[in-house]
Amino acid sequence: MSTRMVVTRAEVSEDAIPDTYLVMLKDDGNREAQINWVQNEHKCDATTFKCKILYEYRLTVGYTAKLCQVTLDYLSNHQDTKSIDEDRQPTWGIPQRERVMRNIAKQDTVYPDVPIQPLPVPLPIAVAASMGPKRKEWPNAPWGLQRLSQYLPLPKNSDPSLQKYVYKCGDPSKGGSVQRVDVYVLDSGVMTTHEQFGGRATFGKDFSKEHSSPEDPVTNDEDPVTDGHGTHVAGILGGKDVGVSRDVHIISVKVLGGMRGTLPVFQAIDWVIEQAKISKNPSIINMSFVFSGPGLEPLDNQVKRAVACNVHVVAAAGNYNADAQNLCPARVGGIMTVGATTIQDQRWISHDHAEIGSNFGDCVGIFAPGADIMSAGIRNNEQLVLKSGTSMAAPHVTGLIAYLIRTNGDKEPARMIKDICNTAYKLDRKLANIPAGTVNLLAFNGVV
């Protein structure tokens, strides 16, 4: 005798993926039998709806599927079923009502009423010989880059676009500068032709389409950029003028923009793992988005699988000004989850809406600059724009990992996280607005 399972619906109805569910089985459940029944034995109903298995989880007994109501009712009463949850769309971590009210759907920003203007591209200058051959300076850099490379806080009223970025070139004796570093930007697409990338950005895969799969061949199709989010993220981690790591190879993996829920992220991680094995290059995943709600354990495990394959994973903490413990991938152990700070060394909170701000909690591993960050735009190949949020903080740390690999060589993800936290600004707990139980660490590249 079985008890009917309650199907958990998405918290916000417009985030739900129609007729798509995450089905978890008990540890001793027979997944093959259920899948065969759904695919082959069961005729859903008299309508044209066709049930379909979309993805079988690698480390969890379960699957994602399109299900009609008859099939859903059957599986809800099945003795092997542990839970069924409605699939949902990812967000950039801004509460739904705020995305609508401010008319900035899927955007991270602090000041919605201030027009975003192109900013001047900084120019390099020669480095003084006394600084040594491996140390470099970049003037007129965005404030986030100076904060990442300066131990003390920036002076009051500093110009956020006229700062100095200090970094070092790789040391081959320590394993640095030996091979290229690949950063996979799982996002809304990257405008690979932007001048900030200087030919180092390539189109990888688009999993946002209905019939995408990891087995599809890689093509040279133009990256279908949904909006400027992924491009801005990529510029922060690897732009030639505004990025942390200026020789990193950026690979665009589109997972956002189509109504496919968690499925593109599952598929993208599979593909990245395979690509990393083939290339043998140190590899990093940046995920500047979050999923919320129940039933996300399979996705948690998929992210852990990437880490187990020695792929570094960095995630945004989200912008709900709340504990990130219920958000995936932010809550996943073994990755670097990043909160956002302002130029005044405060945890970022929107000036206009207090419910929008950097998330916090014990799953946040470090903070990085995230307010008014200058990076690549998409109106043309030269545009630079300002955006704010933990989406902008995460790529500072992704770029930092790439920089450290190029400087000192690759390490296991857990060791890399430990080294970054040990090098971070302790600041005697000087970061403001950090709740109890949250780390008070600001990312630092260690150049002194």
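Using the three backbone atoms N, Cα and C, a Cβ is placed for every residue, glycine included.
Whatever TrEMBL says is automated annotation, not expert-curated.
The domain 'Peptidase S8/S53' annotation in TrEMBL covers 183-427.
Just so you know, the Cβ of Asp187 (active site, charge relay system) picks up 29 other Cβ atoms within 10 Å once every protein chain is counted. Look at Asp187 (active site, charge relay system): DSSP puts it in a strand. The active site, charge relay system annotation in TrEMBL covers Asp187 (among others).
Residues or ranges marked as region 'Disordered' in TrEMBL: 201-224.
Packing around His229 (active site, charge relay system) is summarised by its Cβ count: 27 other Cβ atoms lie within 10 angstroms of its Cβ, all protein chains included. Taken from TrEMBL, the feature active site, charge relay system covers His229 (among others).
The active site, charge relay system annotation in TrEMBL covers Ser391 (among others). In this structure, Ser391 (active site, charge relay system) is part of a helix by DSSP.
Counting Cβ atoms from all protein chains shown, Ser391 (active site, charge relay system) has 33 others lying within 10 Å of its own Cβ. Mean model confidence of the domain 'Peptidase S8/S53' (183-427) amounts to 92 (pLDDT, 0 to 100 scale). For the pair His229 (active site, charge relay system) and Ser391 (active site, charge relay system), the Cα-Cα distance reads 8 Å. If you take the Cα of Asp187 (active site, charge relay system) and the Cα of Ser391 (active site, charge relay system), they are about 10 angstrom apart, rounded to a whole number.
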